[in-house]
There are 2 protein chains.
Amino acid sequence: MSTESEIINRLRILFPRIGDDAEEFNITPGFTPIVSIDSFVQGVHFDLSLISPHDVGYRSCAATLSDIAAMGGNPCSLLCALGMPEGSMTLAESLARGIRSLADDFDTAIIGGDTVKSSTLFVSLCVIGEGKKIVRRKGARVGDVLCVTAPLGGSAAGLKALKNGLNTFKEAKEKYIHPKPRIGEGLILSEYATSMIDVSDGLVIDLHHVLEESGVGAVIHNLPIERDARELAMSTGERPDEFALYGGEDFELLFTLSRENLEELRKKMNFLEIGEIVKEGLRFNDGREIRLDGYDHFKKDTLSHG
Amino acid sequence: MSTESEIINRLRILFPRIGDDAEEFNITPGFTPIVSIDSFVQGVHFDLSLISPHDVGYRSCAATLSDIAAMGGNPCSLLCALGMPEGSMTLAESLARGIRSLADDFDTAIIGGDTVKSSTLFVSLCVIGEGKKIVRRKGARVGDVLCVTAPLGGSAAGLKALKNGLNTFKEAKEKYIHPKPRIGEGLILSEYATSMIDVSDGLVIDLHHVLEESGVGAVIHNLPIERDARELAMSTGERPDEFALYGGEDFELLFTLSRENLEELRKKMNFLEIGEIVKEGLRFNDGREIRLDGYDHFKKDTLSHG
């Protein structure tokens, strides 16, 4: 095992020189500071037999920054805690490069971190952001339109394609490996959305959070399914809509807004109208109820997620 | 394994209800925001055969808040990421209570967190603080007085007493199990100290950081050794000064200040003058050089730290 100073020196090319016990950061005057922490554990959140350490870093960072996007904020500063097994320096360096790569794309400075020995590889990422107008899960009103930034299910399909060693479904695999946090869209939406969340656990679960926090229900009249997800499901005899309903990790934004703002928002960004906020319940417009526990079934039978 | 929502519900008594993807926090206008992240891993940073999960949480939180004290800041908000093996819910709850207990003592709000499955138990703590005047490692000047907030070596002696199953040395064990971050002292020192760090890795290593950052050296003329550390060392035939030089985890503040401020500071808080900043090197006032690598020897032969 390298000593801690050797590790810090090797990671210094990626992370800033840590010269103090804590790091200063800036918040723009008039903006609201927000913060989120996420952890990713080998064998639970990622499988290094399927994707590279660089990609693990990249998508862990994307998932973390997505939490800031979901509030309509801009990510400013990132702190990274790496737990590394002995002898995994090269792996850690690659993982750190992946984190850095995504962070750079969104002008998020890595301002601090901590490297510790651990028999299980893990990374905890803490992101500090700021927003002019913070959007919460709470805030959806009856009559609001329910929308999503892009078709869903691609990430789950990509993971399945990787697990099954399929050469096709490149777009879905790319969606799984290199998701993009919807920072720009979130900033636009901060002016319009009455509620917002990112699709990390799957549409049904994440929508359920919004409905519960807002004390409302929803009817879905259009379920946009990512193309590869549809094709993969059809080729295996699975139900395409389950990928979009329960797949998760697409990191698209799910949001509600007043119908009167719909046209103005369409001029500024792409999104898909999928339903409407109603008093209670969660169902399709043909009356079929959408079950929350479909998630466990889908994960268990289709993806065998950790 | 409990489902994630069950876990969140059980930890909700300790942590706040997480109702959004990220959490808002406040920074007092005119203050500088600072942040630090620390991780603690079972078998590396703590040993549950020696101390309780509650104590692991307590001292992990103390170590994290100590980073803010070392900058002369006040800790305001804490985020906690827990990695838990299956079936360790009761243990995690106890660990969380320990975190909460220390955080409450210093009015630090736990504003967010993340719970994940992990074969290795770990906790990553991210603390956000603020300071009116931030003190860095860099800033010690030739002629400055070198001081520490209390005698050193107690924590290392306490750990050794625990490892050897000794019934005595209660104060040292308490120092190891329930360290206190020197928040109040750090705030006072923010007005006087020219440089500061907390003693986490041991006096020699931490002092070395200050000297390196400041481009100076130091002469030590008084090495205050915690009473139990002295007695334990004498009973085992070890050198008491090694506990104070290399022991670590005392979380006392090591700082420098101009000699002209010494008397004024004495009126406000207790501390011990241990040496003086000189141009270069690190030695005792009798000329003996203090070696940086004594640390490895001490850890290896005396404590068998992870």
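Keep in mind that glycine also has a Cβ here, set from the backbone N, Cα and C atoms.
TrEMBL: automatically predicted annotations, no manual curation.
Going by TrEMBL, these are the annotated features:
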type    : residues                               : note
DOMAIN  : A:19-129                               : domain 'PurM-like N-terminal'
BINDING : A:Asp21, A:Asp67, A:Asp198             : Mg(2+) 3 binding site
BINDING : A:Asp21, A:Ser36, A:Asp67              : Mg(2+) 4 binding site
BINDING : A:Asp38, A:Asp67                       : Mg(2+) 2 binding site
BINDING : A:Gly113, A:Asp114, A:Arg137, A:Ser200 : ATP binding site
DOMAIN  : A:141-280                              : domain 'PurM-like C-terminal'
BINDING : A:Asp201                               : Mg(2+) 5 binding site
Helix-strand-coil residue split for the domain 'PurM-like N-terminal' (A:19-129), DSSP-based: 34 helix, 42 strand, 35 coil
Three-class DSSP secondary structure - A:Asp198 (Mg(2+) 3 binding site): strand
Mean of pLDDT values spanning the domain 'PurM-like C-terminal' (A:141-280): 97
Nearest recorded site to A:Ser200 (ATP binding site) by CA-CA distance, among binding-site residues A:Asp21, A:Ser36, A:Asp38, A:Asp67: A:Asp67
Which of A:Asp21, A:Asp38, A:Asp114, A:Asp198, A:Asp201, the listed binding-site residues, has fewest other Cβ atoms within 10 Å: A:Asp201
For ATP, whose listed binding residues are A:Gly113, A:Asp114, A:Arg137, A:Ser200, the greatest C-alpha pairwise distance in Å: 31
Tally of residues which DSSP labels helix, strand or coil - the domain 'PurM-like C-terminal' (A:141-280): 64 helix, 26 strand, 50 coil
CB contacts for A:Arg137 (ATP binding site) [other CB atoms within 10 A, all chains]: 22
Count of other CB atoms lying within 10 Å of the CB belonging to A:Gly113 (ATP binding site): 26
